[in-house]
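Just below is one structure, and these are the notes that go with it.
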Amino acid sequence: MSKQHTLYFGTRARLFKIDDFQDPDVKRMLSKLQNLYKAALPEDELREYNQILAYMETTYSMAQVCLNEGPCLPLEPDLEEVMATSRDQKELLWAWQGWRDAVGRQLRMTFERYVQLSNKAAELNGYEDMGAMWRSAYESDTLEQDVEQLYEELQPLYLNLHAYVRRGLYRFYGPQLIDPRGPIPAHILGNMWAQSWVGILDLVLPFPEKPPEDITKIMKGQHWKPEKMFQEAEKFFTSLGLLSTPPEFWKNSMMERPTDGREVECHASAWDFYNGEDFRIKKCTEVTIEDLLSIFHQMGHIQYFLQYKNLSVIFRAGANPAFEEAVGSVITLSASSHKHLRLLTGPPCPEEEVNFLMSMALEKIAFIPFAYLVDRFRWKVFDGTIRKAVYNQEWWNLRLKYQGLCPPVPRTEDDFDPGAKFHISASMPYIRYFLSLMLQFQIHEALCKASGHVGPLHRCDIYNSKKAGKLLADVLKLGSSKPWPEVLQKITGETKVSTKALMTYFKPLLNWLVTENVRHGEILGWPDFSCSLEQSFGNLTLIPPLFQPQTLPSPALGQSLCQPHLNA
């Protein structure tokens, strides 16, 4: 909604006392309308705020890292491909540090003013700071405590995965780079932000003698194009009896990077133009399995838009931000299953199941602490707990504490490594992704039950199940018109976000990881590394050999870690 519309309707809505009304829908509408967001700022500061937001996002989208003699590489697809496929730690360090020099350092001073204006906008809307305003989207006074409890329940799964992956990296890179009791250098996990580790699956595959099919290779061998990838995702949604995308979607969406020289922000996103007909996706698609699953996720957003398009504009949103993120991810859980990909003619053997669950864990479980800490950092920045003089120090304190990662080179306060993440430069709240991790498995479990699935949760594929589709559609149609616990209850029977379904999905892998880690005498965590706020920043780079930018030997994976009989 434009500033004029937000101010017009918002200021008038503020003339009414919500408690004077009995109708819950009217009360809910007024509550949403009364929040003016950034439009509450005075004209001159709103103009400055918009300029800051545009500068931060443009800096991110236009950034490139240049070779000494050669081309300059953008993040997508070039730098992301380097991070996912290179096994030369010098090259990985070049890309990792180059991206942060090109983006984070440029945003350091701007971010300080962004925080000031964000907090002023929040205060003008009646909140203590911008973090409190962001949290209000979840209609809960205990959100911070709730997410902390959820994180603690998931921590054992993450710590076991971290220890196992650290051992695989130690075997590959050697003691010069990896301390088997310490944190992992952040540049060697297959992703620019180490939020997904699936890029290093080949280094840590439990049973290398039973490697998974290379779906990307198959897609390229069959000459897939980006549009076909979108069509495959569309086919899945319509198989559930859900709505088809309108012709305008196929005409107006940006499915590939433009070839006419235009510079674009390639971070994938879905758009609702609020006219009931125009819905679009913006994505610089590459023919890979990762991008195919990303398309399923974005098409989940589009399906949500389609389902609630007849509601009042006020209610055209997800039940909460995390719920909306979860919808597309629910579909990817089926789309990535062995059953859906038709990789097996019969039930998978134990080794294949462990390999599959490992690939899923490197995507989902590795993401848990990162998804948790991004907004933990910003909430503390907004409320003043983290002072501007120590932004980067505290960012790395959190990354060490929760992810068990350390920077591959010493960092200073001239750096601003948080800004090298899109959602921070674009001022987009992130806790939605943490909560959506649990929600997607809760909803997946409910849809699997509706479809009649019998067996382990990780084998479920709801493709072609009209019953599952109807259950999903019935809650998507509600948009944000009802409190999200009511919406969640309609589909799962539960009113709270729970880790139970996620833990059920990964239980066979957790059993296997615990057995392997005990067998190898692994230490869970990084007990010798402190991350207290009083600690000097230089102490983050303990054991200097961890960070020497030298070319290291790359031995083969070696003998399989797997035992012939699993305790899973």
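Backbone N, Cα and C define each Cβ position, glycine as well.
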For the Zn(2+) 1 site that TrEMBL describes with His297, His301, which of these is also annotated: Glu263, Glu265, Glu325?
Glu325
Looking at TrEMBL, which of Cys266, Cys349 bridges to Cys284 via a disulfide?
Cys266
May I ask you to report the DSSP-based helix, strand or coil state of Cys284 (disulfide bond)?
coil
Under a three-state reduction of DSSP output, how is His301 (Zn(2+) 2 binding site) classified: helix, strand, or coil?
helix
Taking the Cα atoms as reference points, how far is Glu325 (Zn(2+) 2 binding site) from Cys72 (disulfide bond) in Å?
33
Cys266 (disulfide bond) to Arg432 (chloride binding site) - Cα separation in whole Å:
21
Pairwise CA distance, Cys460 (disulfide bond) versus His301 (Zn(2+) 2 binding site), rounded so that it is a whole Å:
22
Given the recorded positions Tyr138, Cys284, His297, His301, find the one whose Cα is closest in space to the Cα of Cys448 (disulfide bond).
His297
Whole-number Å distance between the CA of Cys66 (disulfide bond) and the CA of His301 (Zn(2+) 2 binding site)?
35
